[in-house]
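A.B. asks: In case it's useful when we look at the structure, here is the feature table from Swiss-Prot:
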- THR2: N-acetylthreonine (MOD_RES)
- THR2: phosphothreonine (MOD_RES)
- 41-61: transmembrane segment (TRANSMEM)
- HIS118: chlorophyll a ChlzD2 binding site (BINDING)
- 125-141: transmembrane segment (TRANSMEM)
- GLN130, ASN143: pheophytin a binding site (BINDING)
- 153-166: transmembrane segment (TRANSMEM)
- HIS198: chlorophyll a PD2 binding site (BINDING)
- 208-228: transmembrane segment (TRANSMEM)
- HIS215, PHE262: plastoquinone binding site (BINDING)
- HIS215, HIS269: Fe cation binding site (BINDING)
- 279-295: transmembrane segment (TRANSMEM)
Amino acid sequence: MTIALGKFTKDENDLFDIMDDWLRRDRFVFVGWSGLLLFPCAYFALGGWFTGTTFVTSWYTHGLASSYLEGCNFLTAAVSTPANSLAHSLLLLWGPEAQGDFTRWCQLGGLWTFVALHGAFGLIGFMLRQFELARSVQLRPYNAIAFSAPIAVFVSVFLIYPLGQSGWFFAPSFGVAAIFRFILFFQGFHNWTLNPFHMMGVAGVLGAALLCAIHGATVENTLFEDGDGANTFRAFNPTQAEETYSMVTANRFWSQIFGVAFSNKRWLHFFMLFVPVTGLWMSALGVVGLALNLRAYDFVSQEIRAAEDPEFETFYTKNILLNEGIRAWMAAQDQPHENLIFPEEVLPRGNAL
């Protein structure tokens, strides 16, 4: 039996190899295969947002002014969600709603679905970009894993939550004041601040901020002095290969402060990764629960006692009354097509207000 040994030769003009060589070439701005998703989607998402906040009204969907052209500023302009009557339509420009009419498409809220979907794929493309670059330079993929947390929050809030409700209308509009209103909506209709997943998210974000502040200050405090410059930046050579701070000194300091301290840098930095990422993941999971209208903590015994005893009140019962007020105002304003009329006896009342 004869075995022929030889080098397998591919066609030098293979289209995939040509594209791979060009996309992954070392240049000032890396493109990569992920860039085929990232750059177009980011361009269209940002372009749609700037177009909407500059020119497009929300009169036909929310009865609001939402563009610079109508007198809004950076904090009050927004790309608003489609009307509730349009449910979960993708609102394609060539779809049955707009029928290819760009002006009508903007009036119906088509820019919101355009920005939301391109924004989601743009964020995913950015995560893939980090993964692709990490593979290219033989790094571990923890940057991409960390970036999955804000992606999870974006997808859960802007896509999964409204999919669980009656339409895109109940997603946040893309604007600063619009996001604030959405937060108030979440509180009034879902009692979000008393949701354990929100609590884990807050603990993760604020805990991460605390860890960053402590870590940065500790590193600055324990820097090795290897120059006589006036400050940190002048006293050190930015290309030095040696260790720049003393982990041993930092460990001794925090051992005395707290009684415990991180013993090595790997565990320390993994913890700084774990806290915010887990917090954001948990928060995203909580929003998925809200899409299904799962409730937060209910302390019914306190509500019953507060209803029976005008002298009994807790911060919880006060907040419940505030939530009722938010619902009474927002439901009538946000859903005028429902013709919601609240009689006096169902409006918030009691010794809390």
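Each Cβ is built from the backbone N, Cα and C atoms, and glycine gets one as well.
So that I understand the layout, could you describe where these features sit and how close they are to other parts?
C.D. replies: Long-range Cβ proximity for HIS118 (chlorophyll a ChlzD2 binding site), meaning a same-chain Cβ under 8 A and a gap of 6 or more residues, is found for CYS41, ALA42, PHE44, ALA45, GLY48. In the three-state DSSP scheme, HIS118 (chlorophyll a ChlzD2 binding site) is classed as helix.
All chains included, 19 other C-beta atoms sit within 10 angstroms of the C-beta of GLN130 (pheophytin a binding site).
Non-local neighbourhood of HIS198 (chlorophyll a PD2 binding site): TRP192, SER283, GLY286, ALA296, each in the same chain, at least six residues away, with C-beta under 8 Å from its C-beta.
HIS215 (plastoquinone binding site) carries a helical DSSP state (H, G or I). Sequence-distant contacts of HIS215 (plastoquinone binding site), defined as residues of its own chain at least six apart whose C-beta falls under 8 angstroms from its C-beta, comprise LEU268, MET272.
The number of other Cβ atoms within 10 Å of the Cβ belonging to HIS269 (Fe cation binding site), over all protein chains shown, comes to 14.
For the transmembrane segment (279-295), the list of distant contacts is 148-150, 152-153, 155-157, 160-165, 186, 190-192, 195-198, 200-205, 207-208: same-chain residues at least six beyond its ends, Cβ to Cβ under 8 Å.
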A.B. asks: In whole Å, how far is HIS269 (Fe cation binding site) from ASN143 (pheophytin a binding site) when you measure between their Cα atoms?
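C.D. replies: The Cα atom of ASN143 (pheophytin a binding site) is 12 Å away from the Cα atom of HIS269 (Fe cation binding site).
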A.B. asks: Taking the Cα atoms as reference points, how far is HIS269 (Fe cation binding site) from PHE262 (plastoquinone binding site) in Å?
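C.D. replies: Checking the Cα atoms of HIS269 (Fe cation binding site) and PHE262 (plastoquinone binding site) gives a distance of 10 Å.
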A.B. asks: Under 8 Å between C-beta atoms and at least six residues away from its ends: which parts of the chain pack against the transmembrane segment (41-61)?
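C.D. replies: That would be 67-70, 72, 77-83, 106-109, 111-112, 114-115, 118-119, 121-122, 125-126, 169, 173-175.
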A.B. asks: For PHE262 (plastoquinone binding site), which residues of its chain lie six or more apart in sequence with Cβ-Cβ distance below 8 Å?
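C.D. replies: Residues satisfying the criterion: ASN251, TRP254, LEU268, PHE271.
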